[in-house]
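Take a look at the structure below.
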Amino acid sequence: MLLGVNIDHIAVLRQARMVNDPDLLEAAFIAAKHGDQITLHVREDRRHAQDFDLENIIKFCKSPINLECALNDEILNLALKLKPHRVTLVPEKREELTTEGGLCLNHTKLKQSIEKLQNANIEVSLFINPSLEDIEKSKNLKAQFIELHTGHYANLHNALFSNISHTAFALKELGQDKKNLQAQFEKELQNLELCAKKGTELGLKVAAGHGLNYKNVKPVVKIKEICELNIGQSIVARSVFTGLQNAILEMKELIKR
């Protein structure tokens with residue numbers, strides 16, 4: 001299984017002081033050496049990664065670059081100019097802390113944007129909710145790749161197997177009934193497996209990501225139809241204590257098959 005290392009949160013730390021440290025390009029070199037792909041989200045509001053970050057990483061790194069971006073003309077034109085290996089189209093809301101759900105596949109610009117990127121020899125992935133309907137739509141839109149949003153799975157795992165329910169970060173809508181949480185967790189894991197199988201049957205390459213960490217990744221790794229995981233925040237958080245290289249290598253060991 002391949003690991004895409006999302007280095008957005010290195011940029012978050014840099015932007016907190018509006019300085020050039022930590023150096024995102026240095027992080028990209030480490031991710032390129034020890035991971036399989038560099039994933040970078042250039043948001044409309046440029047809250048962390050900047051245009052020059054993407055340009056430098058594409059210019060100087062040998063690894064495949066997976067650019068996450070919204071259906072924004074300015075950023076799509078940047079992608080067409082710089083030509084990352086892949087563009088993963090994601091939804092985006094200015095007020096969100098992180099990407100909260102899958103892409104709306106009924107967007108009028110979507111098909112046209114996919115065609116433009118593919119005509120420039122850029123692979124296109126769609127970041128979608130794990131639903132059979134969205135997988136069928138992705139196939140009809142002629143995307144080559146899908147990335148299943150694992151956020152709900154990750155939230156359920158946290159609620160079940162950590163103390164988050166007793167902290168300020170608890171998701172109250174999940175409730176605290178362990179039996180109910182366990183049933184939801186098992187159902188969501190089965191759903192991810194079903195969706196991954198459906199995507200593979202339709203000829204799509206299947207990735208997964210969002211909220212995956214060192215404690216919850218193993219069950220997802222067992223879904224053999226998923227060929228790639230894109231993981232960022234948990235790796236960067238671990239790197240504070242172990243260093244980025246060790247954090248990546250530890251995750252690589254966990255996702256070995």
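Don't overthink the numbers, they just go from 1 along the chain as shown.
Glycine is no exception: its Cβ is also placed from the backbone N, Cα and C atoms.
Quantities reported herein were computed from a predicted structural model and do not represent experimental measurements.
Marked as 1-deoxy-D-xylulose 5-phosphate binding site by Swiss-Prot on the basis of sequence analysis: Asp8, His9, Arg43, His48, Thr98. Taking Cβ-Cβ distances under 8 Å and a sequence separation of 6 or more, the neighbours of Arg43 (1-deoxy-D-xylulose 5-phosphate binding site) in its chain are Ala49, Cys69, Ala70, Glu92.
There are 25 other CB atoms within 10 A of the CB of His41 (active site, proton acceptor), with all protein chains counted. Following the DSSP three-state reduction, the secondary structure of His41 (active site, proton acceptor) is strand. Among the features that Swiss-Prot reports, active site, proton acceptor is placed at His41 (among others).
Among the features that Swiss-Prot reports, active site, proton acceptor is placed at Glu68 (among others), with the record citing sequence analysis. The DSSP secondary structure for Glu68 (active site, proton acceptor) is strand.
The site 'Transition state stabilizer' annotation in Swiss-Prot covers Glu147. Taking Cβ-Cβ distances under 8 Å and a sequence separation of 6 or more, the neighbours of Glu147 (site 'Transition state stabilizer') in its chain are Thr88, Ser125, Leu126, Phe127, Ile128, Val206, Ala207, Ala208, Gly209, Asn230.
The active site, proton donor annotation in Swiss-Prot covers His210 and rests on sequence analysis. With a 10 A radius on its CB, His210 (active site, proton donor) counts 25 other CB atoms from all the protein chains.
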His41 (active site, proton acceptor) versus His48 (1-deoxy-D-xylulose 5-phosphate binding site) - Cα distance in angstrom: 8
Mapped DSSP class for Glu147 (site 'Transition state stabilizer'), helix or strand or coil: strand
Candidates His9, His48: member of the binding-site residues with the richest Cβ shell (10 Å): His48
Packing count at Glu68 (active site, proton acceptor) (other Cβ atoms within 10 Å of its Cβ): 28
Residues that sit under 8 angstroms from Asp8 (1-deoxy-D-xylulose 5-phosphate binding site) by C-beta distance, when 6+ apart in the chain: Thr39, Leu40, His41, His48, Ala49, Gly232, Gln233
